[in-house]
Amino acid sequence: MQIKLIINDVEDENLIDISLDSSSTISSWLIDYYFTKTYLNQVKISNKSIQPNIIIGLHDMFSIYQIIQTTSTLKEFFELCKKKFQNIKNDLILDNYNNYLNRCGLNDIIDLFHQCKLKLFIRKIIFNINNIKNEIDRLILNYLLEISLERYIYDENTQLSTIETNQTILKLFDNEKNYVEQTITKIVMKSLLGMNIFVVIISLIVLLIGIIYQPLPKDFPQPWKYRFLSYWAHRIDQLGYYCEQMNLFTRIDLIRNLHYLSIGLFQKRHPECHLKVYDRKIANVSVRIYEPEELINYEKKTVMIYFHGGGFLLGSVETYDQATYLMANLTRTTLIAVEYRLAPEYRFPSGLEDCLSVSRELFKNGNNYKINSNRIILSGDSAGGNLALVVSHSLINDGYRPYLLSLLYPSLQFFDFTLPSYRLYLKQNILGVLNENNLLSMVSLLSEDDIQITNDILFNSHVSIDDKKKLYPFIDPNKYLSISYEFNESQQKNENLIKNLKFLLSPLMSPLLVSDQQLIQLPKILLFTTEFDILRDEGFIFASRLNSLNKTIYHHHFSNAFHGAHVFLYGPLRFEIAHQMIEHTAQIIRNHM
């Protein structure tokens, strides 16, 4: 007999002689012929040559079945294929084919079909059909589902096979489909839950690394609490930056709120302190007054005027209430906290003018407030320390003389940002917000037109060569810090910064940049500095200059404290060092009253 083989509309060029014995069928012969021709690379399927080392998939066998389906059942065809594969001597082809079946789930599907386990067979198809990329393989599975409607259902409990109607089998198919979909949903949800747990664990690890990775001095107090505070302050600062870019709100507003929530939210009022606290205006400036009850009727009270810190941008009498309340109680002195205006809403010198207005009013009309104008203490921390010193210079020029000047880590100069303490601590992100970026932002917000501040300001490019020659002797670290320090007068300069930041070098912003004669005129000075602080060195320079002039000064250095520590008195962010700092400062003030 001669036949011409056509597979998938591809016609074999030659007539083929076939010889069938009594035990052969056209089906078995075609399978033999197919595998022989495939192995010899002579049969083309879908215009693609089947290479011997290519996986022989079910779609290839299905192509043959389409030829012989009139004379063979699908089950007979699969059995013939199975036998043929059992006789294949090429292990590579057989292994590849088995791997292919396992990967697609077809192996189990075919076995279940042969065993008439229709329920499991349908379930297995539904599970795997969407994972099969080959369209012909997908066609086989669909075909198997179709012919399964005429098959038996195998009951695993009774181990009996029964013929069912198409309607029953379709119902079974729907039930199994719903079961599979529910199972897949559960698997997906479980995977998502596992993924969420994984993400949470990774986030916690990142958080832990972020908190741990911050070098601190050897004897730093409560380092883990500080790391936690610093980490989240830095993240909120970054959040504020992105929100500002999207015009949601300003970063400075977010930091102000963080500042209040960290320290101002935990106000303390102790009846046993016997302090009267009330708000009023002096010289049209809001102030908060803390008055010991035993001094209410006293006609000549000693008064402390306090200017809070915050880089001229942050802080308020509310935020600082716990610190000023404790200071008034420990010194038993009437304390007046000034609510001066802040940048950027009010530019320099608005805040300074408020501080001067209150101070001048009290010096000029002290009798109206039952205070002794000869016993007025000026005090402040950080930017507030700067204001206290500038106000003191101005009052002396006006003919008034403060009784005492108490300064806690004051900001004294904007001339040299290359001092060792700047180089050492600016990169360490003190409190999460005292860093290079925020220093640039602060200077920009203090400037008149929000000018763009570039990184070269950290190398003093805002100072002209003439100003460097004139002002450098006032802070010379080689002289006042006793260190080897090279100051390059011809360093790079930025004409835009020089022009727009001239005000930073004024004695109204940099009170350290004044003559020795002006320093000599200052009252007794109590100076407190901290180690972990970018302002550390200018405090030491100030003390060294005063000592070189034989000026009365008390200088105490908190070697294990950080800038801004004294306000963390209560609440979950309470630091023991804060109480130590205020208690020590109050005691020294009382000793000099």
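Glycine too: its Cβ is placed from the backbone N, Cα and C atoms.
Just so you know, TrEMBL annotations never went through curation; they're auto-generated.
The annotation active site is assigned in TrEMBL to Ser382. Per TrEMBL, the feature domain 'Alpha/beta hydrolase fold-3' maps to 304-428, 506-566. Under the heading transmembrane segment, TrEMBL lists 192-213.
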Residues in the domain 'Alpha/beta hydrolase fold-3' (304-428) grouped by DSSP into helix, strand and remaining coil: 54 helix, 25 strand, 46 coil
Secondary structure content, the domain 'Alpha/beta hydrolase fold-3' (506-566) (per DSSP, counts of residues): 20 helix, 19 strand, 22 coil
Within the predicted model, mean pLDDT of the domain 'Alpha/beta hydrolase fold-3' (506-566): 95
